[in-house]
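Annotation source Swiss-Prot lists compositional bias 'Acidic residues' at 69-81. What Swiss-Prot lists as region 'Disordered' is 1-31, 55-83. According to Swiss-Prot, the topological domain 'Extracellular' annotation covers 1-97, 161-172, on the basis of sequence analysis. What Swiss-Prot lists as topological domain 'Cytoplasmic' is 119-139. Swiss-Prot lists 98-118, 140-160 with the feature transmembrane segment.
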Amino acid sequence: MDSPSLRELQQPLLEGTECETPAQKPGRHELGSPLREIAFAESLRGLQFLSPPLPSVSAGLGEPRPPDVEDMSSSDSDSDWDGGSRLSPFLPHDHLGLAVFSMLCCFWPVGIAAFCLAQKTNKAWAKGDIQGAGAASRRAFLLGVLAVGLGVCTYAAALVTLAAYLASRDPP
């Protein structure tokens with residue numbers, strides 16, 4: 001099995017460079033003469049790669065950007081979104097666990113509304129409506145906390161009523 005030598009493999013890469021390597025002129029070494037790797041890198045400098053840049057969280061943080069034109073047709077108008085061009089790459093919390101807990105264990109009518117808004121958060125994020133997702137997330141959290149508060153009040157009222165009933169009964 002014949003394997004090509006290293007020089008034969010490098011030859012197509014070094015054809016366009018005008019660099020003389022130290023192996024070609026062993027006695028002569030000029031200050032600043034580039035090595036083969038540097039010459040290859042310099043030959044690629046003029047080429048432009050057509051692939052788009054990969055998205056990154058930190059890409060372009062210091063570079064000014066024109067403001068993004070967002071769809072302002074969201075039905076959630078009470079959002080406190082500031083309209084900045086740098087959007088958070090993180091999904092707003094949907095508070096689904098709180099909504100399920102408040103629906104099953106606390107005050108179910110408000111818990112159902114919190115559950116619906118928690119689902120709306122994920123749908124708005126999937127559509128790219130970050131403003132609507134944030135507003136739905138805040139509403140789901142507030143309704144979940146309200147349902148837990150109303151549930152605690154309901155349970156406390158039930159315990160007080162039960163204690164009053166048992167205290168008013170005559171012992172057997």
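Here the Cβ of each residue, glycine as well, is placed from N, Cα and C on the backbone.
For the topological domain 'Cytoplasmic' (119-139), the model gives a mean pLDDT of 90. Using DSSP to sort the residues of the topological domain 'Extracellular' (161-172) gives these counts of helix, strand and coil: 8 helix, 0 strand, 4 coil.
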